[in-house]
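S.K.: Okay, so TrEMBL annotates it like this:
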type     : residues : note
TRANSMEM : 20-39    : transmembrane segment
TRANSMEM : 60-85    : transmembrane segment
TRANSMEM : 105-131  : transmembrane segment
TRANSMEM : 152-172  : transmembrane segment
TRANSMEM : 192-213  : transmembrane segment
TRANSMEM : 294-319  : transmembrane segment
TRANSMEM : 339-369  : transmembrane segment
TRANSMEM : 389-406  : transmembrane segment
TRANSMEM : 426-449  : transmembrane segment
Amino acid sequence: MEADDVSVREQLFHNRVRETIICVLLFTCLYIVSYLILTHFKKTAEFVTDDIEDATVNKIALWLCTFTLSVAVCAVLLLPISILSNEVLLTFPQSYYMQWLNGSLIHGLWNLVFLFSNLSLVFLMPFAYFFTESEGFAGSKKGVMARVYEAVVLLLLLALLVLGIVWVASALLHDNIARKSLYDLWEYYLPYLYSGISLFGVLLLLLCTPFGLSRMFSVTGSLLVKPRLFEDVEDTLSCTTFEEDSLSRKLNCGSTSCWVKLNMEAMKKEYQTVRSKRIALEMRRKASPWQRNLGYPLAMLMLLALTVMCVLMVCFNVLELLLDETAMPRGMEDPHLGMASFSMFGSLGAAVQVVLILYLMVSSVVGFYSSPLFTSLLPRAQDTNLTQIIANCVSLLILSSALPVFSRTLGITRFDLLGDFGRYNWLGNFYIVFLYNMLFAGLTSASLIKTVTWAVQRELIRAFGLHRLPLTVSRSTVPFRLLLASGLSKIQ
């Protein structure tokens, strides 16, 4: 009997060590990738300065930002890893090499991501900001530790302020519970704070994702070579090259002309616009006929199919919410991997779910940076200061940590939320979940219809040469039959 107990304890110990090693290896890889991304965008002048103290502080803050970004990437991969792990165990149920992939590992990964994401949002990122802005208390000895003391004091004051706001909010909403649990900080107030943060992230995804789904068409189109029906690329390229050379000569001889001096900034902007147009035309000329005529339509059709699929799945989830209580998002303690597929279409449906989850995350990031409120946060290569890096890491972590709740609420996947992700207070409210699904379906449909109609009209106008009309003519009032007549006359 004692030998059996020892063997069981040894097995539990080996399982825990194996899970720890796997999580450490995964997080190390994500940390390296995140560090490479941040070093690509950071402003080098802030880290290579004569002041050793400032350089040290900036490096420490950059390490904290790297940790936060790696947690955000891991949060994005939570649902895809869980869904694919279940399908792998279904495909190879008795494989010796897949024994390390189990429910305990996935559950532990969810708990770690929840812990580190809240740790980064509540402590690490505020500390990094205060640390970079602090100079030490007046009269104290200057140095890195003086900045640490000031940052810690400011962080404690901020924590007291936030906890006070949470206590007031809980007292207004749940008066009896707030009175009984005044000293119950860990069991009530921190989960209440996490629930509010998750609700904010899910609402931010609701606003950014539909806008990002519509923006994905223009962003993808800017990266691909668009087909042109009646445009002579060589002629347009020669004209653009001549215009670029003319502007370049004016800029070079600007010192001899007072008028050119006054308009130097406008000429520089015009030169950059013409130069980018010339580069795009050269790309079109070098592109193969397949890439020029087939790549762009296929990419647009794929984006359209993914967006329509998301809307249809959300509409189907709305019907299930009205008819079946199990469609409500909820948490579970044991994932039971390898028992049944989380999609009615098997492995193919699970793969589609993973693609849709990643597509929604990319769309939400595109919509976030395309919105007028957050356009200034858009990072630039080798020209992003540390404050902007901190703000970007916080924004991406809020979006990514809300992605599992967002995907399960919309019915994109049937994989229930693990750990503390399924303990949010508002998840059990039918009216909030139902209204959220309706708003997402409505906003996405409206954005998609507007984007497709305007894009088709713009491309037809450009293809038939009507974009050269004088500004006094309203191009939006050009009838469709005029477009067809213009095209037929050019063909003839």
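Each residue, glycine too, has its Cβ placed from N, Cα and C.
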S.K.: Under 8 Å between C-beta atoms and at least six residues away from its ends: which parts of the chain pack against the transmembrane segment (389-406)?
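M.R.: Contacts of the transmembrane segment (389-406) (Cβ under 8 Å, skipping residues fewer than 6 from its ends): 38, 41-42, 61-62, 65, 68-69, 71-73, 75-76, 78-79, 113-114, 117, 120-121, 125, 128-129, 132, 197-198, 200-202, 204-206, 208-209, 329, 357, 360-361, 364-365, 368, 374, 377, 379, 417, 421, 424, 427.
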S.K.: Please figure out which one of 20-39, 105-131, 192-213, 294-319, 426-449 racks up the most CB pairs under 8 Å against the transmembrane segment (60-85).
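M.R.: Comparing 20-39, 105-131, 192-213, 294-319, 426-449: 105-131 has the most Cβ pairs near the transmembrane segment (60-85).
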S.K.: Same-chain Cβ contacts of the transmembrane segment (426-449) under 8 Å, 6 or more residues past its ends?
M.R.: 195, 199, 202, 206, 209-211, 213-214, 304, 307-308, 310-311, 314-315, 317-318, 321-322, 328-331, 405, 409-411, 417
